[in-house]
Structure formats: structure tokens, C-alpha cells
């Protein structure tokens, strides 16, 4: 229900109250310890991946270049959302200024949009490796990889500027309670006391372009990969090809399932408790699991890690 108001005599909200993930004092301490451990583990895992990729020449390949970008992104990702989650566990509901809230929203949108396009770039890399192996050195030369990575980051930045500008320009005149653990799009739209049709349209179009666009590109890549694998002459070749794609498919499925459910529709979300649970999946669980799924189970990365241990 839209709430158009005469704004002349209405005081604009200067702060928001983040309720956090749980308001029960008896469980906040336990959750704080758990999520702090997950946060530190995520930073450690991704730092290790970046170090191994940068320091070992045998990992200077397109696949690991994108994995290094993904690890860097996820360190930023958890550092944008996790501190406010931890503060909520430590203090309970707390105040965040309007400027700080919009800043957090800006960086969150940059990172989630960048991750979408990076996942699509990684799917394209696997497509070229399996379906066009003879042309792989040319199609995935360093200039192309760098261009794909820069395009992902720049695309996320442009989308975030548009979405954050629209959301920040709305009027918030009370209540100022956000039923979330960080400043997200849907909770803020729910609090706006002006018409949000234009903002929802911008949000919907960006979801179509970034989320659905990158997902369709990834799906098209894997359809082509499936056809190529089906026509491979030996079972060993098929298993080897599928093993290079399985981890990416798992992480991509988890990330897109949660993200599309929340963001890829124009209407505001009322079931905020479900929204918070799903947000934990792609802001906490996925960044922690990705290094293990992608890299630490990879034989080349394991070999590089063992050499690093022996040299130290």
C-alpha cells in the first residue's frame, strides 16, 4: 500500500534501526561467536586462495584468474554485511545513520551484481575450455580475461549508482525500523512514504539485465557443454570434463536460487524473516563455502598449497 504524504511538515528520517538476525538475548551471544568464526574463516580461506594464485606461476590461468577475482570480491562482500550482523548480535537492535545505510547499500549492490557477472564469465570460460579447446589460448587470452573482469566490476558499479540514487532520493518519514541485519533494497522500499514505482522499475530492470542476463548466459554455456560432453568418445573424458564444471554449478545454483527469489521481481517483499534467512545464504554461507568447493579441493591448488607449506 503506497503512502503518499504531504512532506512539507514531515521530518525526514536521519537514522534507521536494524533489528538484526535475532532479537532474543539468550541466543545472541552464541550466534555472535558462530558468525564471527565464520567471518574470520572466510577471510582466511579467500586470502589463502589469492596468495596461492598470485605466487604460483602454474596457477596463472584464466580459470584461476577468475577465482582470484571471486575470492577478492567475497572478502569485500562479507566485510560489507557481516560487521553489521555481528554488531546486532553484540548489542541487539542498533541505530545506523542514513548516510551509513546508503553507503552499505551501495557497496552491497556493487558486489552482488559483480558476482553475478563473474559467475557468468566463469561459465563462459568453462564453455571455451570444453567446447573450443583448440581456440582456448586465443579466446581466453589475458586481455580478454581482464576485459571480462573489468566489465563485471564496472557493470556492478553502474547498476549500484542507479539503484542507490533512486533509493536514497525517496522520502523516509517513519517508522524507521528495518527488519534486517543490513541495509537492503526491499526493507528500505517498505519504509518509504513516497511512491516507489520508479525505484521498483529500476530495481526490476536491473534484475532482468544483471541477474537474468548473467544466468541465461551461464545456462547457455552449460547447455553447450552438456552437448559436447555427451558426444565425447570415452567415459573418462566425460568425467574429467564434468568434474571441472560440477563445483561451479553447485555454487551458481545456490547463489542464483536465493538471489533471484529476493531480487528478480518488482514487488516489495513482506516476508522479511524469510528474506533474512535467504540473505544469510548468499552473504555468509556461500562466501565461506566457495573457496573449499572451487579451489581447496582442486589438485593444482592443493599441490601449490603443499609446496608453500614445505617452503615455509
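Every residue gets a Cβ built from N, Cα and C, even glycine.
Feature annotation from TrEMBL assigns transmembrane segment to 30-54 (among others). Within the chain, the transmembrane segment (30-54) has long-range Cβ neighbours (under 8 A, six or more residues past its boundaries) at 21-22, 60, 64-65, 67-68, 71-72, 74-75, 78-79, 82, 85-86, 89-90, 284, 287-288, 291-292, 294-296, 301, 304-305, 308.
Per-residue pLDDT, averaged over the domain 'G-protein coupled receptors family 1 profile' (45-294), rounds to 85. According to TrEMBL, the feature domain 'G-protein coupled receptors family 1 profile' maps to 45-294.
The transmembrane segment annotation in TrEMBL covers 66-90 (among others).
Residues 13-18, 63, 66-67, 69-70, 73-74, 76-77, 80-81, 84, 148-149, 151-153, 155-157, 159-161, 163-164, 167-168, 172, 178, 182-185, 188, 206, 210-211, 213-215, 217-218, 221-222, 248, 251-252, 255-256, 259, 282 of the same chain, all 6+ positions outside the transmembrane segment (96-124), place their C-beta atoms under 8 angstroms from a C-beta of that stretch. The transmembrane segment annotation in TrEMBL covers 96-124 (among others).
Residues 62, 65-66, 69, 106-107, 109-115, 117-118, 121, 124-125, 202, 206, 209-210 of the same chain sit 6 or more residues outside the transmembrane segment (144-162) yet have a Cβ under 8 Å from a Cβ within it. As annotated by TrEMBL, transmembrane segment applies to 144-162 (among others).
As annotated by TrEMBL, transmembrane segment applies to 204-225 (among others).
According to TrEMBL, the feature transmembrane segment maps to 246-265 (among others).
Residues 21, 35, 38-39, 41-42, 45-46, 48-49, 52, 67, 70-71, 74-75, 77-78, 81-82, 85, 112, 180-182, 184, 247-248, 250-251, 254-255, 258-259, 261-262, 302, 305 of the same chain lie 6 or more positions beyond the ends of the transmembrane segment (277-296) yet place their CB under 8 Å from a CB of it. Positions annotated as transmembrane segment by TrEMBL: 277-296 (among others).
Beyond the transmembrane segment (246-265), the same-chain residues lying 6 or more positions past its ends with a Cβ under 8 Å from any Cβ of the stretch are 112, 115-116, 119, 122-123, 126, 185-186, 203-204, 207-208, 211-212, 215, 218, 222, 275, 278-279, 281-282, 285-286, 289-290, 293-294, 297.
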